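These notes concern the structure reproduced below.
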Amino acid sequence: MRGGAHGPGDRAGRCREHRQDHAGPCAGAGAPFARPAGHAGGRVPARVLRRARPHAAARGTGRHRRRAMASHRGRRAGRSHRAGRHHAADDRGLQRVRVRRPQSLPPGARAPAPLRPHAADRPRPGLAARRPAARRRPGARPGRPLGPRRAGLCRAALFGGLWRRLGAHGSRCGCAAPAAAPARPGGPRARRPAAAWPLPRMPAARMRTSVVRVRGEAPIAMSEPDSSSPPAHPPRPIRSFVLRAGRMGSGQTRALAELGPRFVLPFQREPLDPQTVFGRRAPRVFEIGFGMGDATAQIAAARPDTDFIGCEVHTPGVGALLKQIGERELTNLRIVQHDAVEVLDHMIEPGSLAGIHLFFPDPWHKKKHHKRRLVQPAFVERLVTRLAPGGYLHCATDWQPYAEQMLEVLGAEPALRNSADGYAPRPEYRPLTKFEQRGLRLGHGVWDLVFTKHQGRSASKQCTATSSP
């Protein structure tokens, strides 16, 4: 460490050679800690030494020391207006010393030049200022954050030149604004006609030409989408169910792992072969939405000469029915865990079912959700095509408005015939389900509808909707 003309200085700013306080080269910039302005002689106060102590010489690591000093400066922020700042330099770096500002300087003395503060005391630029200039929004201040770029795309990338020509590129998309065109020598740049603006791309089969008249200009031929042609992609079908997460018991999990490979049929786009699936050819009944499978297992156990295919999307219900299959040792029951509409379209052959069970489907109580109800005219037509002549369709619900809709839709199908005058009594083969027992406890009624597919489609029928007591 270098000092003044007499020798290196100590922590108090005194010359180590003379061991006394004096003004001279020893108190210059070469000393490790120069005596602040306003202290002509004597020892430097201890509080000043504590502020001026180097971080590396402090107890512990420099990171903890800087944190402690930063918190101390925060507590003394209230007195910052009465204190000045003086900087001292040594070979270890730049430190900032907080001393009291003197009222006046001695004659001939000059205030010390301010030095660059320590890195911990320098203000850090904002996040937007540290970002590259290419991602900065035009006209944004350095300290303000940029708007989020959603999904990595912007409006200009989605709509191409049309968005830039409409002058909407100054949004928060984060893209660079298009460069302005150079001014022409003859005058300002003329505006391009509206007919020259590019339009979004669309297949030629779906475009039709129409004439649009713009004020002050000649008629312009523009292309519009043709609503008469079919859309490029088919609309997404409305699902009648919502997958919800449910708990799986240990017995259901074990049954799903042990019996699933044998009794759960994977979805395929080819019709099922009953000889391969059941090992025989017998009447088949298709059940839509068996829930936890209690009623399905009882019906399959009571009718061993009939093969049953249950369709369910919820995994806990599939595991519960597999557990029932293992306990009852059923061999005439299989499960498909998939959407029933797609299963009917691809896995069930037309005219191959002896019966269809639809017990207590989701009623979708709200009016805006009635479109999600399973019993709709289009779905009933699909069911009729899969029924064999003389096959039956058995529906049950505990929601009276839904029962009325079922009776109306099924009665309007010309290929079905009601087996009763209105609602039918509960057949002997159908046991009380969990939903039915809950409805009876709440005082709700239960309505069964049994329709059969007659031999000739030209036969006429009339159904009278009456409520059973």
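Just so you know, glycine gets a Cβ as well, placed from its N, Cα and C.
Remember, it's a predicted structure, so these values are computed and weren't measured experimentally.
The annotation region 'Disordered' is assigned in Swiss-Prot to 1-150. Summarising the annotation, Swiss-Prot assigns region 'Unknown' to 1-221. Annotation source Swiss-Prot lists compositional bias 'Basic residues' at 48-86. The region 'tRNA (guanine-N(7)-)-methyltransferase' annotation in Swiss-Prot covers 222-469. Annotated S-adenosyl-L-methionine binding site per Swiss-Prot: GLU287, GLU312, ASP339, ASP362, in sequence order. Per Swiss-Prot, the feature active site maps to ASP362; the stated evidence is similarity to another entry. Annotation comment: Swiss-Prot describes LYS366, ASP398, THR433, LYS434, PHE435, GLU436 as substrate binding site, evidence class similarity to another entry.
The structure, with features from Swiss-Prot marked on it.
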residue : record                               : contacts (Cβ under 8 Å, 6+ apart)
GLU287  : S-adenosyl-L-methionine binding site : THR296, PHE308, ILE309, GLY310, CYS311, ILE356, HIS357, LEU358, PHE359
GLU312  : S-adenosyl-L-methionine binding site : GLY289, PHE290, GLY291, GLY293, VAL318, LEU321, ILE335, GLN337
LYS366  : substrate binding site               : none
ASP398  : substrate binding site               : PHE360, PHE435, GLU436, ARG438, GLY439, HIS444, GLY445, VAL446, TRP447
THR433  : substrate binding site               : GLY291, ASP294, ALA295, PHE359, PHE360
LYS434  : substrate binding site               : GLY291, MET292, ASP294
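The least crowded of the binding-site residues ASP362, GLU436, judged by other CB atoms within 10 A of its own CB, is ASP362.
Taking every pair among LYS366, ASP398, THR433, LYS434, PHE435, GLU436, the residues recorded as binding substrate, the greatest CA to CA distance is 24 Å.
In this view, the densest Cβ surroundings among the binding-site residues ASP339, PHE435 belong to PHE435, judged by other Cβ atoms lying within 10 Å.
When secondary structure is read from DSSP and collapsed to three states, ASP398 (substrate binding site) falls in the coil class.
In the three-state DSSP classification, LYS434 (substrate binding site) falls within a helix. Mean pLDDT of the predicted structure over the region 'Unknown' (1-221): 52. Site extent for S-adenosyl-L-methionine: among the recorded binding residues GLU287, GLU312, ASP339, ASP362, the largest C-alpha separation is 15 Å.
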